[in-house]
């Protein structure tokens, strides 16, 4: 009996930290095995083919599908139980974003299925099974994240840790596979462009994984093969967003949640017209620059140099505006005296770490370009624009990271613009209306209703109080006296409130402008406009292969940084 009674105590005292360490080590080994397999396929290792890599990824996705189905079934059976929720995790706008990327990913899978059908004579069956499995995996995973991204799991914690971390690293491997496939395609195009820029001393060997047979329908094959690479950027963003949301879910397992009501922060277009219009101008001009760049680059040496010059000048102008906007926002923060929210929040902590970590990718490329400009023997004219561009990339991300991280850590103001409207109270003479509930609602329970004070009236409205017929004359005298006192206090309150509102309006416009600018700067590298590949100066200084390795490693982080910054700035705009 004593032994039986002691068993729950032993199970209950099992260190959950050990379970976290065990599951994380399992996930890391899972990822490293897949990473090595991906690398072996990329370098054409003997005995390793694409079918081996796809078989490994299919197995991981099937295991995750089984775990998600088990979790969904168990949640359905326990739907009447009250569960803890992390209100900061899985924001609705984040779910909408991942759903959009998932829809485009499903289109990509359909293109892959069509591509396999056209080349079915010489492709492995795994290349047909993979997109089907991936489509089912995508649909179920998006549904799972919509329903359970906020969950704080308190049962089967050890098992759930392994299931969630398996899902995290499965998505990371799918992200790696997408990045590698897209990078190999970009590299082949880059090698062909170098000839037009006059770098003929670089050996051009195309890394081609094309099928060794003819397509059944040439037109459809061309559409599928070209369309796949234009859709890969969305697939890449989908998997990295899914892995971050699942990681927050993993960190929340067994966590004790502080129960407090979170203020809803809906996105509003009101008051951000300047920021939105400025950002849309940048977005439109960036799309135009990318289209012209992709048309001109590789056409001839003159056209390629003009395309690079055009890109650098546009990017320098946009980055300078972003640096200025971020500096103004930080100066406004320095003039405010508001405390920071230091409560435990895995989602917010991950956001800050991702901002700094992924910024290191573009910082690496920028410092490489600066060093190449300094050390190169000859400098074509267009390469000099690369120097201010690289410097501004470093400064802009430094300033923007400070702005975003401070913004997401700042406590929200307890009083907002809606308080002003609630303070306007008009009470008819002789009515029997009680103001105590309204007074409590306005001041969140901190008001002293027994004192008889009520919210004052603004801009000439009368200040009312509950009265009866016997005290009309006395109340009129008291109202006349109180109007003098309240007019002075109201003037002081609204002068301060006006300054605060102006600051908030400026900050919201800056956040909206930076949001659209980050979306604009995500587009060029995501769709093949990469001057780090095309200007050729870095390849001369560092060597072709070493610099290409650096670019292929750093570019995915640089691309993700822009999308993650845009998501964070959207949240900043809602909270401001």
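Placement of Cβ uses the backbone N, Cα and C atoms for every residue, glycine included.
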Looking at the candidate ranges 158-176, 177-195, report the one that TrEMBL labels transmembrane segment.
158-176
TrEMBL lists transmembrane segment for one of the ranges 207-227, 354-374; which is that range?
354-374
If you check TrEMBL, which stretch out of 53-72, 73-92 is marked transmembrane segment?
53-72
According to TrEMBL, transmembrane segment applies to one of these ranges: 3-20, 129-146. Which one is it?
129-146
Looking at the transmembrane segment (93-117) and the transmembrane segment (354-374), are there 3+ C-beta pairs under 8 A, with each pair at least 6 apart in sequence?
no
Tally Cβ pairs under 8 Å between the transmembrane segment (506-528) and each listed stretch (26-47, 53-72, 129-146, 311-333, 540-561), then give the stretch with the top tally.
311-333
Do any residues, 6 or more residues outside the transmembrane segment (129-146), come within under 8 Å Cβ-to-Cβ of it, and if so which ones?
54, 57-58, 61-62, 64-65, 68-69, 71-72, 90, 95, 98-99, 102, 105-106, 109-110, 112-113, 116, 167, 174, 238, 242, 245-246
How about long-range neighbours of the transmembrane segment (158-176): same chain, 6 or more residues beyond its ends, C-beta under 8 Å?
14, 16, 19-20, 22-24, 26-28, 30-31, 34-35, 38, 57, 60-61, 63-64, 67-68, 70-71, 134, 141, 236, 239-240, 242-243, 246-247, 249-250, 253
By a Cβ-Cβ criterion of under 8 Å, what residues six or more beyond either terminus of the transmembrane segment (53-72) are in contact with it?
30, 33-34, 37-38, 41, 124, 126-127, 129-130, 133-134, 136-137, 140-141, 144, 147-148, 160, 163, 166-167, 170, 173-174, 177
